[in-house]
Amino acid sequence: MDLGTPYLPKGPLQAYRARASFCWQELALFLEGEDVLRLKKAIFSALENDPLFARPHGEDLSLEKYRELNFLRCKRAMEYNLLPVESIVANPLLVQTLITCLGMYDWSLAIKLHLHMLVTIYSSGSERHLKYLPKIFNMEIFGCFAVTELSHGSNAKAIRTTAHYDPTTEEFIIHSPDFEAAKFWIGNMGKTATHAVVFAQLYTPGGQCHGLHAFMVQIRNPKTLLPMPGVMVGDMGKKLGLNGMDNGFAMFHKVRVPRQDLLNRTGDVTPEGTYVTPFKDDRQRFGATLGTLSIGRVVIMGMSTANLKLAVSIALRFSATRCQFGPSDVEEVPVLEYQMQQWRLLPYLAAAYALDHFSKSLFLDLAELQQGLMGADQSTRQAELGREIHALASAGKPLASWITQRGIAEDMAIWPVGFEACDGFLSIALLLTRVFANKVLLEHGHTHSFMNFLWPCLHDNQGGARFESPLKTVDFLEAYPDILGQRFTCPSVNSCLDSSVPLAAYEWLVCYLLRESYQKFNQEKRSGSNDFEARNNSQVYYCRPLALAFLELTVVRKFHEYTHQRSVPPPLRAVLGRLGALYALWSLSQHTALLYQGGYFAGEQAGKMIQSAILDLCSQLKDDAVALVDVIAPPDFVLDSPIGRADGELYKNLWTAVLLESKVLERPSWWSEFSVNKPHVGSLKSKL
């Protein structure tokens, strides 16, 4: 059965492929499934065989031309109908697959298409909004997602755009009170979007505010692309990257939209102006809303993981073919044989696998939330599920971004000259600025959100879970007092080569930081600080590491459970177990100081065991590295890297890529400035 796994040509990489302990096609089938592999084949085949997607090597497109080309490619992707609606319903992961595959080619294209699809209609709307779907798929309208404002983004409760309901006309009046409430940095809004899912504070007659809700608002005339009355909409201009995307801004001056254009899954307004909701209180409704808003963070987790896959694929294929030095002057060995190279790269390969599984599972959890919101009788569970997804996505987005940022930097450092010649990789490097910006999330308001999720799990500061989370990520806290009494007791390095050891250590670390952060918060309160000050003063050494440790624990546990289930084919169990253990121990090792500080580690042997276990796992995974890359790497056309091609012909491919660049053998157009027009040294001294 042809499931679309790419053909791997013979070449220098064959030596490592022959030493692999597993069949890479079998692993790809286990991890992805038939539906995903078929979709990947269809997407990559369309991209490679359609001239519209040809790589413009050596050609620097203007901003206007790049945006035009990206829009044409977006239209072409819609014409291929790669993902029909019925397929999305049957397997929601296909949505993430489509975004990721297009993103590996060009994130401008993937994001433009994703935002156009207006996924919020699926998560926040109801049957009355299904009328928009044919118009979306036929491109009669073009969409964007407008939450962020000039002065607010992550703090969704503080969004200032308003939507007052007028019962006399059964319309909402969308209004921006001032320029700081302008929707800002919105993808697709700059030049192409005709409709926006606008988030605004909903007011009913009498002035009562019911919090943040989403509205379908037309911002341009689809026939002319000119702004609608009352809408000021514009473009943000050129950016450091993703310039195929037209990020924009908009202000609304008393723009009226029909009552039915309120996306009403979490709340609605009757024709008379009465607000109705299936949730028993505002906290539950906002929890469900937070969950649906998490789609962006979950998608960005997938984006970061995809970029990490590209980076480690290039770096490991390069390392398996780049030979330097060796045991004798005659024999040179691939740099992948060096322990330092293994230690620098293989943990990021393991991280790519673990984070990929976590982002997929969280995407499915989000799909469950969206489907569950259709049933009002499940509102309590859906609110709790929304809060849990929001907490995990708030920490998962920066964690995945940080790991990817460090991984790309590490991969680029192994041979900078090679990466400079790699056009495909440069597009990833340009995203580092966006990746770096994600650090704000965990260092400010989202740490507070995470504490709102974790601290209630403590009762009277003694432990015991106060509620059972729908995703069971905090169920282990029922044993909170017992876990705090545990200590590291691993008898040998070999006994550490399984993710169960770091899992136990992570559970202790989370309990320890939970206790310490809560005590720090109460200490600040006793010193006279208000809630905001107390939380703010508890972030750096308490709440921030707690959020990271908890999310890392969740990633490790999810991957451990997935790779230790009975359905795992026996030939794959060893390599998957090593990947999970390496990611877990490598991540845990970055908390060594806290493990010693809290008393979980004692004596130098504990730290040395973790270090030795990491190096042992790297050595064990070294021969599997190329095959593991073959599972996650896209075809050469998409990877677009002369030093990362599947044939492993490193030097031939790099030499060819350089010679094919435009005008590489020509003299510069300004040659006469050197050859003819010599400087008159000192001629301008009198003008100083």
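Heads up, residue numbers simply count up from 1 along the chain you see.
The backbone N, Cα and C atoms fix where each Cβ goes, glycine too.
Sequence annotations record features per position, and here TrEMBL assigns active site, proton acceptor to E443.
For T148, G187, the entry in TrEMBL reads FAD binding site. For G187 (FAD binding site), applying a Cβ distance below 8 Å and a minimum sequence separation of six or more within one chain yields I111, K112, L115, C144, F145, M245, D246, N247.
Look at TrEMBL and you will find 144-253 tagged as domain 'Acyl-CoA oxidase/dehydrogenase middle'. For the domain 'Acyl-CoA oxidase/dehydrogenase middle' (144-253), DSSP puts the residue distribution at 6 helix, 51 strand, 53 coil.
Residues or ranges marked as domain 'Acyl-CoA oxidase C-alpha1' by TrEMBL: 291-409.
The domain 'Acyl-CoA oxidase C-terminal' annotation in TrEMBL covers 500-675. For the domain 'Acyl-CoA oxidase C-terminal' (500-675), the model gives a mean pLDDT of 95.
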